[in-house]
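Colleague: Following this message is one structure expressed as structure tokens.
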Amino acid sequence: MKFSQAVIALAAATVVSAQLPDVPQCSLPCFLDALTTDGCSELTDFKCHCSKPELPAKITPCVKSKCPVAEQVSVSNAVVKQCSEAGAPVSIPPVEESSSKPSEPSTSEAPTASPTESTPAPTTPAPTGTGSPSGTGAPGGPSGTGTFTNTGVPTQSTPIYTGAASGLSANIGGMGAAILAIAAYL
């Protein structure tokens, strides 16, 4: 019995991953649970899933507990896109930066604390110096004299571009989720 449940979970995780390739791996268990228990007859019937008003309310807390904020935004965008393409647009509240606890209702009361001034931290000037090279080089190697001046101004390096390979991790992640689903049911 457990083996058949594992096979079903694997198939469902694979379908969810294939249908929602932009969804981060951390959220796949949330979708798997929500999409297999919402009463829709097929896992890939996103028009049915998206028409269920409880879908965002069921997936959101799970995603908040399993994914970092950046990936929560990706999940939100993917759900809105998938539901719109299926013909059943949904509205999902924006992801809050501090997702470690549930948001509390806002009030119209005035703030109780007043702004304070802060003193900037003292700065230490960057060291500068001049120097002359000394020593001898290898025979036949470069030679000469010169000076070195340190301006104390740091330079910024260019960030690494991951290119199209960054999208590959989402598809590979789906297989990882499928394997985890099998392990959970065994």
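Any Cβ shown, glycine's included, is placed from N, Cα and C.
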Colleague: When you check Swiss-Prot, which of CYS26, CYS30 turns out to share a disulphide bond with CYS67?
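Modeller: Disulfide mapping in Swiss-Prot sends CYS67 to CYS26.
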Colleague: Look at the disulfide annotations in Swiss-Prot and name the partner of CYS48 from this list: CYS40, CYS62.
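Modeller: Disulfide pairing in Swiss-Prot: CYS48 with CYS40.
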Colleague: According to Swiss-Prot, CYS83 takes part in a disulfide bond; indicate which of CYS30, CYS50 is its partner.
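Modeller: That would be CYS50, the partner Swiss-Prot lists for CYS83.
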Colleague: Take the Cβ of CYS50 (disulfide bond) and count every other Cβ within 10 Å, whichever protein chain it belongs to.
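Modeller: For CYS50 (disulfide bond), the 10 Å Cβ neighbour count is 22.
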Colleague: If I take the alpha carbons of CYS30 (disulfide bond) and CYS67 (disulfide bond), what is the distance between them in whole Å?
Modeller: 10
Colleague: So what pLDDT does the domain 'CFEM' (19-108) average out to?
Modeller: 81
Colleague: Select the closest residue to CYS62 (disulfide bond) from the following recorded positions, measuring between CA atoms: CYS26, CYS40, ASP45.
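Modeller: Comparing Cα positions, the candidate nearest CYS62 (disulfide bond) turns out to be CYS26.
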Colleague: Fill in the CA-CA distance, CYS67 (disulfide bond) to CYS48 (disulfide bond), as an integer in Å.
Modeller: 25
